[in-house]
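As given in TrEMBL:
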COMPBIAS  1-11  compositional bias 'Basic residues'
COMPBIAS  15-24  compositional bias 'Polar residues'
DOMAIN    138-278  domain 'Nrap protein'
DOMAIN    282-424  domain 'Nrap protein'
DOMAIN    430-586  domain 'Nrap protein'
DOMAIN    613-795  domain 'Nrap protein'
DOMAIN    799-959  domain 'Nrap protein'
DOMAIN    961-1112  domain 'Nrap protein'
REGION    1-24  region 'Disordered'
Amino acid sequence: MDSAPAKRRKLAHSEPSSENVLQSATTVGLSKHRIFVLEAEELLEEAAVDYAAAFPGADTLLGEIKTLIEAIEPHEPLPLVEAAHKLEKKHRLKVPFPEPRPPKDCNYKVAFAKPTQFNVVGSYVFKTMVETQKDHAIDMIFVIPAEVLQEKDFLDLRYFYKRAYVLAVVSAALKKKLGADADFSFEYLNGNPLCPILALQPKDKETHQLVDYRIRIIPCSPDAFFPRAKLHLGASLVRRVEEKESGVASKPTPFYNSTLIAEGSFLTYLKIIRQIEKKCAAFKDACVLGRIWLQQRGFSGAVSDGGFGHFEWALLLALLLKGGGDGRGNAVLSTSLKSTQLFKAVVQFLSVTNFAEKPYVLSKSDFEAPPGCGPVIYDADRQLNIVFKMSPWSAALLHQQAKWTRSLLNDGTVDQFSPTFILKTDTPVYSFDLVAKLSHFGSFDHAAEVDSRGKAWQFGSKVYRILKRALQDKELGERARLIHVRTPESPPWQLEEKPKKQKSTDVEIGVLFDPANMARSVDRGPSAGPSTEEKEECEKFRRFWGGKAELRRFEGDTIRETVIWNSTSPFELCEEIMRYILNLHLRIGVLEEDITFNGDELQDLLQLSPADSLVFNTTRKAFADFEKDIRELEDLPLHVRRLAPICPELRHASVKLPTLGPSKSGPRPMETVVSFEASGKWPENLAAIQRTKIAFLLMIGSLLEKAKEGQVKTWVGLEDAKCDTENLAFLDVLYESGASFRLRIHSDLEEILLERQVKDKTQEQHVRTKATTLLAAVRRIHTHLPLHSQTISTFVTRFPALSPTIRLLKQWFNSHKLSTHFPDDFIEIVALNVFLSPYPWDAPSSPNTGFLRALLFLARWDWRTEPLVLDTGGDMPPVDRAAIDTRMEAWRNIDPSMNHTVLFVATSHDATGLAYTSYDGHAKPSKVVATRMTALAKSVSRVVKEEGIALDARRLFVPSLKDYDILLHLNSKVAKSTLKTYPADNSEDVAMDSPERYSRFKNLDERTGKAFLPLAQHPAEAFLDHLSAAYSGALVFFRGTPDDMTVGGIWNPQVQKKKFRINLPTSYKPDAAAAAHDSDDEDEEQGVDVNLNKEGILAEIARIGGDLIEKIDAKGL
């Protein structure tokens, strides 16, 4: 009965929150698009800023600043240099003149007068800030009076010199009055060196600590003060002295010109955004979503962060809503759209409009952008390029990010929200296949440049143009899909100092490979024909490529300009090209340390190379020969229907390359399964079927040895079976060439009989349970693994980086001693997931990015509530996905403690979700091990985020042994001595007639030691299997590869102390303290307390291991 009062009950019927609606949506199974809308609404609620709490006293301080500026005493015009000198001497500050500073003999004057207008602009006014943004700042502009300026001040930085002087006057006055209550500094407005501004960070009046927001004071020019016709993108408004003297035409200054127009457009665009805000209810929310999307991708309004931030997003959206966005004066978007629809519309616009290559004009106009003016979205009504701060590389990156997001939002089968708004994608090692750092751009000569964005930007622009020609030439075949340059940001500086130089002198270059072309070692240039046009093309080619260009004849007797590269792997090729071309044109790379490359460190750890695929293909060919030999056996009673591989070596997924040929330890057999045509002669008894399989294996082995006499040796081996209804045997086949295979037989009738037992309710429960376990094992080996191998083999061909990514990921599991708890097919499916569901990126083009993204997925995967679903067939309907979610929810309800089902992984060929994560009726991995995997993956992701390209990749593969309670150190010599498969391994070093070549035992003749030995199981592997079976309740063991000679163990805390009873799970001993305490209590009816006998268990382990164990380290014993 509800005891709440009526008013409370009435409140309960109010509109539900986004969080409650979202939970309802996931329960009833709404579409991904609808869930995306609900999650976006919830995000808007959570990201909203409490302005009263975040900006205490801001409005009062803004009013005080306005009053203080208005109270500044005006003065008459004085020569600029003289006025600046007086101001600096009087107030001990430096006027923040842009570079180059005004010459001492400049003859124009500067004055100060009361500003004509004040206004607060930006996110603070529109309430579109978010909690997670890097900096909370309030922008306050004041308009410089027209009488202080002259119409021709747009030339040669005159306006910007006067602007800097006015800002210095205001800064001196404010610091004099508010110096004790705030910190003052200069900084560049959005990193624009032409526009210094004053940043004021208040102090708390009680604690005198700096608060978490700043107020930025921005001077600007009156609206349309300078004639817009003279400020077009092709105008040359900054003339150097030598150009004035010689009369040579100056280069266009598009960035300078657009900055001048933008200086007079603050209030104009403020009015436009205000109008749209009133017309479109969802405008503000769409701007917030855009801010978050840009922020997660590393974009902001600063030049060093791409030059496209929240203001550019809001202005673009407003202009598309206002009218004129289609170039004919019509509105592109309707004001009745919702926030998510507006967000998707802007993303769609950015994804289809490549304004870095082709200018886009808003509103009807005959505007044509001059060449070389960079990215252009032109507001024809106000004659401003609203993306003038963007560079060609940042525009290309924004375009690519928008394309990836559009692809994500069009995919209704995946989670759209987290990759769009939650996951940060600005870490270079996740986004680019190669990251190069160019050092010491300070030596770059930029005297010939007239751009005003600074030395670092000019250097980066030159590098980008050269690399774009070298790596993205469409005629040669684009090696790179994207090239991005990151320049250092400009730091703020104190009022009494000169502008600080950029903190770093390094420029980062990120390259995203095109996997189809990056591995190409020959670049075919233009044809060396007789025509004038062909000769000009050849000359241009030779001029760019220098001495590397040479003439070569190709098929069809065509002669072409050609460039030949020596490297073979995509990374090495890109490095070779970049070193050569930058050295040729910029003299960068003469010293090795001038350029450092990051992106192949992980591949070096495993010595991955393009030649590895040839080894795997050779192994596949050996399997094809083995299949052919089996099918050609004539005396088999049944025809072979299928022979399928089920091991990693035969699907390009083993950590180590498969070895074919003699070796000291011998080859590991590659597992296969064979199924025959249907027959009614199989016995209808499970035990009899297993014995029939043994007979089949003996027959196959005998026939193979007879058909390939002297080339093949076979043995029938016995499984470690616990009952006679399990598979009892396998056939090992060893070829003289070194290829070895392990063959098991599949019987359809066996599966049918097991299904009958499972469904037969008249059977006892333990019989049905055992049949369920056997049926799962049969289906795993004979159905699941062949289909999985086929899937991985297919996608390895489709994605060149998939195979090395799988091998790196397995090596990581091995290094951290997790691989014994995770089936190979699970690790492979995790790696495949980042290729089939790569959002918010595209499919990885290199092993490094694939590996790091796989670990990022493991770090973020909430396997307790979310299944991993892969549409490997490409046609999984939504109904099947919903059924998988329902099945996992049912498992969690049945088994909330996750004792039987931990990870839930489903694919197109296995919707049960258990084939990849259960083995022999038990969860593999257990909950404890899965938690450890997640913790290790989170540690890796944190280190990658913190250190970026400076990360030493070897650290990711160093295990932490201090976490284990015991360490078993195994003897590698003993292990190797049991693995000999071939005759004496020193036979090549001993003479044929030497007695040392034969056995040292006199009763054995010279034939001894020449025959092949049976393929042995690795002793460490067999030892660990035995320990896991014997002590699974007391200890959890961890081990990596078969060559890992250190086994870790953790005591199970749940079995440390118990009451004595019969059939305890392992060895216990009486608790001495408890026994002494209870010795006088004869009426005690409860059991005696016992503790885990750790010393006894370790002694048993040492006895079982024998010579294989070198030593045991135990913590606390």
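Quick reminder: no glycine exception, Cβ is built from N, Cα and C everywhere.
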Feature contact check the domain 'Nrap protein' (138-278) with the domain 'Nrap protein' (799-959), CB under 8 Å, 3 or more pairs: no
Residue distribution over DSSP helix, strand and coil in the domain 'Nrap protein' (282-424): 68 helix, 10 strand, 65 coil
Mean of the pLDDT scores, which run from 0 to 100, over the domain 'Nrap protein' (613-795): 90
Residue distribution over DSSP helix, strand and coil in the domain 'Nrap protein' (138-278): 64 helix, 30 strand, 47 coil
